[in-house]
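To keep things clear, I will list the structure first and then write my remarks on it.
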Amino acid sequence: MKEKVVLAYSGGLDTSIIIPWLKENYDLDVIAVCVNVGQGDDMDYVKTKAIKSGASKIYVEDVKEEFVVDYLYKAIKSEALYEQDYMLGTSFARPLMAKKLVEIAHKEQAKYICHGCTGKGNDQVRFEVGVKAQDPTIKIIAPWRIWDIKSREDAIDYAKKVGVEVPVTKKKIYSVDRNLWHVSHEGGDLEDLKNEHKEDMYFMVTPPEKAKDEPTYLEIYFEKGAPVKINGEFLNPVDIIDKLNTIGGENGIGIADIIENRLVGMKSRGIYETPAGTLLYAAHKKLESVTLDKYTYQYKKLVSAQYGELVYNGLWFTALREAIDAFVDKTQENVTGTVKLKLYKGNIKPCSVDTEYALYDEGISSFGESELYSHKDAEGFINLFGLPCKIKALKNF
């Protein structure tokens with residue numbers, strides 16, 4: 001009996017040609033695994049294609065709700081970003097995929113896990129560190145670090161040679177990653193920084209100048225930091241993301257053209273569509289500004305940056321990530337309420353916040369007198385607060 005390899009399978013260019021390559025070079029029984037995180041593919045077609053390409057078996061794991069509840073809700077609560085811009089759509093999906101690959105490898109008693117990540121990218125790190133953290137005995141096969149194929153053009157030529165159909169041409173050669181949270185576009189003419197990216201590549205977002213000519217008002221209700229209602233309607237987690245993707249997309253919201261510093265050293269350019277995430281982060285940030293005290297709010301910004309870097313670097317299965325999640329959950333205890341947004345041609349304007357946990361007090365914050373605060377109190381505070389500056393000035397006077 002042949003030994004088994006579990007392949008992270010998408011049906012795209014790289015994983016389509018890996019099946020015949022594995023059989024040709026390793027003589028392994030290939031078990032394909034497609035983890036459905038909302039990439040929008042025809043899963044019946046993916047199943048058929050995997051078998052036609054030479055896989056002995058194909059698993060399609062629908063984990064969309066798990067992806068939202070156990071991963072994206074953590075993104076929203078933490079407002080995690082990498083380098084202040086990237087909303088980590090790929091990064092949050094990879095640990096869940098790694099988890100499912102290991103589960104199926106155990107079920108199939110497979111000694112190997114294979115992925116189609118490029119040797120220059122971050123995903124190879126995320127997959128392999130994720131696998132090692134769960135089962136250090138599983139061996140990894142990474143074709144892009146081994147085979148003679150050096151470019152996506154070479155990969156297309158190899159696909160034609162072995163008779164594997166691929167949904168990519170040499171004319172339009174973007175590498176696309178899609179899930180519930182985002183769509184990313186890399187490669188092709190994007191690699192020349194002098195090129196403006198082409199708006200016809202968008203999957204989810206209408207270009208802002210072509211978006212609706214009238215504003216859209218949107219209400220999002222959060223409960224302990226997680227979104228549960230849209231415009232007053234309770235929705236399940238997956239439907240919330242889908243609905244916000246639609247609303248944000250038709251209003252031209254959620255496009256980012258980013259130059260990022262990859263974990264492996266080089267810079268890369270990506271075009272990201274994240275309409276739901278952009279709306280949720282904007283609303284969540286507004287609600288936190290009202291419900292968190294000053295020091296928690298400011299410290300959480302530091303933690304959010306660290307959290308984003310951890311997730312980006314593939315360190316999901318770590319004690320630090322779990323500890324940060326525990327801290328974030330504590331901060332979210334009173335992050336409950338409704339935020340109203342006004343959307344227009346790529347812009348988001350927060351309109352109002354309605355929450356019983358507001359730390360904002362109109363009476364204290366107004367310019368008039370208050371039982372808790374007198375204008376006269378400011379004089380003593382200023383004298384003490386400014387004392388170090390005054391002493392230094394006196395010494396140097």
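Backbone N, Cα and C define each Cβ position, glycine as well.
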Given Swiss-Prot lists Ala8, Tyr9, Ser10, Gly11, Gly12, Leu13, Asp14, Thr15, Ser16 for ATP, the same-site residue among Gly54, Gly89, Gly116, Gly119:
Gly116
Swiss-Prot has Tyr86, Ser91, Asn122, Arg126, Ser175, Glu260, Tyr272 down as binding L-citrulline; which of Ser78, Ser184 does it also list for that site?
Ser184
In the structure shown, which of the binding-site residues Thr118, Asn122 has the fewest Cβ neighbours within 10 Å?
Thr118
Set of same-chain residues at least 6 away whose C-beta sits under 8 angstroms from Ala8 (ATP binding site):
Thr15, Val33, Val35, Met97, Leu101, Ile113, Cys114, His115, Gly116, Phe127
Taking Thr118 (L-aspartate binding site) as the reference, which of Ser10, Gly12, Asp14, Tyr86, Arg126, Ser175 (the binding-site residues) have a CA within 10 A of its CA?
Asp14
With Ser91 (L-citrulline binding site) as the reference Cα, tell me which of the binding-site residues Ser10, Gly12, Asp14, Ser16, Asp123 is the closest one.
Asp123
Specify all same-chain residues, apart from the site residues Thr118, Asn122, Asp123, whose Cβ lies within 8 angstroms of the center of the Cβ atoms of the L-aspartate site, ordered by sequence.
Cys117, Lys120, Gly121, Gln124, Val125, Arg126, Arg262, Val264
